[in-house]
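**Student:** Below you'll find the structure I mean.
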Amino acid sequence: MASLIYRQLLTNSYTVELSDEIQEIGSTKTQNVTVNPGPFAQTNYAPVNWGPGETNDSTTVEPVLDGPYQPTTFNPPVSYWMLLAPTNAGVVVEGTNNTNRWLATILIEPNVQQVERTYTLFGQQVQVTVSNDSQTKWKFVDLSKQTQDGNYSQHGSLLSTPKLYGVMKHGGKIYTYNGETPNANTGYYSTTNFDTVNMTAYCDFYIIPLAQEAKCTEYINNGLPPIQNTRNIVPVSIVSRNIVYTRAQPNQDIVVSKTSLWKEMQYNRDIVIRFKFANSIIKSGGLGYKWSEVSFKPANYQYTYTRDGEEVTAHTTCSVNGVNDFNYNGGSLPTDFVISKYEVIKENSFVYIDYWDDSQAFRNMVYVRSLAADLNSVMCTGGDYSFALPVGNYPVMTGGAVSLHSAGVTLSTQFTDFVSLNSLRFRFRLSVEEPPFSILRTRVSGLYGLPAAKPNNSQEYYEIAGRFSLISLVPLNDDYQTPIMNSVTVRQDLERQLGELRDEFNNLSQQIAMSQLIDLALLPLDMFSMFSGIKSTIDAAKSMATNVMKRFKKSSLANSVSTLTDSLSDAASSISRSASVRSVSSTASAWTEVSNIASDINVTTSSISTQTSTISRRLRLKEMATQTDGMNFDDISAAVLKTKIDKSTQLNTNTLPEIVTEASEKFIPNRAYRVIKDDEVLEASTDGKYFAYKVETFEEIPFDVQKFADLVTDSPVISAIIDFKTLKNLNDNYGISRQQALNLLRSDPRVLREFINQDNPIIRNRIESLIMQCRL
């Protein structure tokens, strides 16, 4: 029978390792502490932001365009372009290795006929014949000689509109630009001792690394960015490049101030934020063509990374705010594809990422000021999600993208199953990106944003790198931890998930077929078959079963078994000590605890109701211990639970133990049990109702509570799946034989299935009412 799962959990739920007990005790310990915050804090909330001051950055970023610098003579670094920006005609730059290469560059204005001009090159007056036939472009000309007393020859002219020129030392050569803008390219001159060549620039210049040569070529051909051409850009001396910058460390703990008991610490940290989105996709009832909701939900993610040689364990919670609700209605027919609501995040939305790690910075994050952060941006793209229809091509929601840009940081608290974590909440504003999203095989296309259908696009996580800085008030002794005001046993996040799961479970009650339920209730469900719908591997199922058993150990059902075991132990001791029949009768009634009740309470209508209600609450255990061939309430309860577990879309390893335990306690709260003696049936329910009647005629007879208590002790207890009122109604309207009546009284599953297959409305309504009682 399906109720085997409950008996198996009861049998095995006590095999919990001692280490698990110790860990659980430590995690559920609460502590209330009153703190005098001292002179640094006025409230127990985060103080006002006094300004972040300097936020050190541990990442050295080499600028693309470094400058401008004033005209000077120096030895440029190898593999760096000098981007020269002359304003007038004349000598632009000159350089030599004083051995076999003297190289200079001159600038000639537009529309110059062939003429001889005098230039000062390397301190000497030199006559050079020059010309520029272009009406609009300036002309750069290289003048080169190989001996100190030799003559200059002209090489590699560059016709330029932006009036920019470049020169670089690299790989035993001196590189320059030639050709005509906007299609200029590089050329070179071979030289020895190239790294010792000193350059003299006669105009402002910039320095660009070789890695950004494409950018340098873009400037040569098209000009500098507009901001570089304003009067607010002032050239500085090249010696400013020699200033030594202190490289910040990935981890910095700086003492800002201290008193006798407290100190202010500034924590600077490089961090790696990994996060992912979670979603909920709920299918509506009916023929399988309609979905009620596709929505975002908060997602927790735990990971490790290395920071300055130290392994850091981090925890993030990602949530969204300001979502946009869309819908699609393919028509009014039952087979038309419909999504009642699907959520999309766009430029009016925000993403919140709560970050915590196990470093010292988060250990005392209670009184904090001067909080600042600098984070990179990240793009999130949507994947393909197919809506599986029973027949026809599947609609596919595909595409969509947004970029996340840092928009601030505040203090926050993350809630996990056992603890609350003081953390940082990073707020991100969104901008929509290409491509747009669409639903293939529908009219929906060209919409921008990130839909909730598959926001992670098959990626395990998204990653953002950055750095934060804060000043925290902490105890002077590092061994002490700042007390927090609230308990650490906070389960809000788990309770929220359980609330959503309870709603889903309750809605699934309407989708259970009764004939299949009866068949499932007859199967011997064990832990592996019960949880096989969630995990496919045996190891995963075993781990999940262990978690369920740990939680089940604390259930009211397990506590009842423990109490019953103690009662039976006391009963056995009393039997061994006393030979009186009354003593045996009293102690043997440990199943019901009614011996004293029956003798102490006056037998009135109200007292009988109280007694039968008390007895009925204990009969579940008696029935489980004396299993019969008939079906019982726990068989139906377990079958409904199995069906809902297989259909659920929100169930996970964290919520499963809670759901299984709640189901064992709350499914079918109104139960009735009966005992049969010859032609008499005594039946009592947990709500205090009781009946005694004849099997042949269903005629009611006086109810004897003492007789009921004695029969409960000596006879099998049967679940009243079809209770007395239903049986009487069935007999009055349809008429049933004595054998059928006995089979229904014994809850024979074969007869129940026959009545259901015959679509008997009275039996169906009774079973449906039991299914609807399977609620959380």
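The backbone N, Cα and C atoms fix where each Cβ goes, and this holds for glycine too.
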**Student:** Can you check which of 99-133, 239-273, 414-448, 484-518 Swiss-Prot lists as coiled coil?
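**Tutor:** Swiss-Prot lists coiled coil for residues 484-518.
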**Student:** Sort out the residues at least 6 away from either end of the region 'Hydrophobic' (389-409), same chain, that have Cβ-Cβ distances under 8 Å to it, and list them.
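**Tutor:** Contacts of the region 'Hydrophobic' (389-409) (Cβ under 8 Å, skipping residues fewer than 6 from its ends): 287-289, 294, 335, 337, 342, 344-347, 349-351, 371-383, 424-442, 447-451, 453-454, 464, 466, 468.
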**Student:** Of the recorded positions listed here (R101, S190, C203, C216), which is spatially closest to C318 (disulfide bond) when Cα positions are compared?
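**Tutor:** Nearest by Cα distance to C318 (disulfide bond): C216.
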**Student:** Report the same-chain neighbours of C203 (disulfide bond): residues 6+ apart in sequence with Cβ closer than 8 Å to its Cβ, ordered by sequence.
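**Tutor:** Result: P71, L84, A85, P86, T87, V92, V93.
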**Student:** Just the number: how many Å between the Cα atoms of S190 (site 'Binding to sialic acid') and R101 (site 'Binding to sialic acid')?
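**Tutor:** Distance between the two Cα atoms comes out at 9 Å.
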**Student:** Work out the three-state DSSP category of S190 (site 'Binding to sialic acid').
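**Tutor:** For S190 (site 'Binding to sialic acid') - judged by DSSP and reduced to three states - the answer is strand.
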